[in-house]
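Listed in TrEMBL for this protein:
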- 10-321: domain 'Acyltransferase 3' (DOMAIN)
- 12-32: transmembrane segment (TRANSMEM)
- 52-74: transmembrane segment (TRANSMEM)
- 94-113: transmembrane segment (TRANSMEM)
- 128-147: transmembrane segment (TRANSMEM)
- 154-176: transmembrane segment (TRANSMEM)
- 182-207: transmembrane segment (TRANSMEM)
- 214-232: transmembrane segment (TRANSMEM)
- 238-260: transmembrane segment (TRANSMEM)
- 272-293: transmembrane segment (TRANSMEM)
- 305-326: transmembrane segment (TRANSMEM)
Amino acid sequence: MTEETTDRRYDLDWLRVIAVFLLIVYHCAITFQPWAAKISFIQNSQSATHIWTLMSALNVWRIPLVFLISGFAFAASIRRRSPGEMIRDRASRILLPAIFTTLILTPVHYALFQVESGFPVSYRAEPAHVWFLYNIFIYAMLAVIPLNHVKHEITIPAIIILLVLPAMFVVEAAVIQPERYANFYLTTHGFVLGLAAFVFGIFLAYAAESVWQLLSRWFLVFLIIATGLYLARISSIVMVWPTVITAIEASCWIFAVLGVGNRYLNTPSGLLSLLGQSVYPVYLVHMIFMYAVNTQLITLALSPEIKFCLLVVMTVFLSFGAFLVLRPIPFVKTLFGMK
């Protein structure tokens, strides 16, 4: 194994932080859509559907990127640990926080929705915003034994490795044919696509540096292709096999983001260390704060755009404050996925 493949990839740490932040932004944006209440989000009386136009650019790749980074991190970690150690680590850092959030935290934000909507308050434990953590745990359990026997980097040409992701995404889209490509939540499409992204993350962990160099050189090409396909999608241009085309778009977005990260973000910093520690607990609690803040914001005579910005800022601020409070408490740290 070369030194290049064992070095920590700070760009992926940054991208994980950014991806989770975008998930929070996405959830805040739902509040201002006319269908928000149908999926148990507190709904603002004034809609801002144009915000969703931007979210549509993010929807097809942000969750797959999280799965990809998780696959990379798993493959990098298993090189230093036994299968038993990896199972215990993923159970404590992924499965336990997911179960805790499902049973304790999500009922709180659902109760806030019930009160605001005039429904009787009842205990409602659902995976909600942590559904993908269960997927990641399952993927890790499927990979733990096979990866224990892989000790060397992959000596496949970089361009061939990069073809793996769009090939898997295209096959998945053609076979499953999801009605809405971005509907990953508790669907067969979401599970299989997530597995494909996780597997590709493993490929990247064992790939030579030439793959990253190629992503860095071509990121602008991938960005242009992704943007073009996105504009065609939101313009309702009739396309043959639209889900397959969207799968290609998602791959190009991911490659563009990875290329930008490799070029500009692959450096350590104290801020990254702090944000990396905070990303799980901030995400786990953000729905409670988002719902609580929203109960106050919806009564204000402000434009939906200003409310949206305030909701994002206040949700992140309060969630990060909760992380700072929880961080020193040993047992609570474990429940929130902190080391």
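Placed from the backbone N, Cα and C atoms, the Cβ positions cover glycine too.
Within the same chain, residues 5, 56, 59-60, 63-65, 67-76, 127, 131-132, 135-136, 139, 142-143, 147, 150, 152-154, 156, 158, 161, 164-165, 168-169, 172, 176, 254 sit at least 6 positions outside the transmembrane segment (182-207) and bring their C-beta atoms closer than 8 Å to a C-beta of that stretch.
Contact between the transmembrane segment (305-326) and the transmembrane segment (128-147) is absent: fewer than three CB pairs lie under 8 Å, with pairs separated by 6 or more positions in sequence. No contact links the transmembrane segment (52-74) to the transmembrane segment (272-293), because fewer than 3 Cβ pairs that are 6 or more residues apart lie under 8 A. The transmembrane segment (238-260) shares more Cβ pairs under 8 Å with 214-232 than with any other stretch in the list 12-32, 128-147, 154-176, 214-232, 272-293. Beyond the ends of the transmembrane segment (214-232), by six or more residues, the same chain brings 56-57, 158-159, 162, 239, 245-246, 248-249, 252-253, 255-256, 258-260, 262-263 to within a C-beta distance below 8 angstroms of the stretch. Scored on C-beta pairs under 8 angstroms, the neighbour of the transmembrane segment (94-113) with the top count among 12-32, 128-147, 272-293 is 128-147.
When pLDDT values are averaged over the domain 'Acyltransferase 3' (10-321), the model yields 93.
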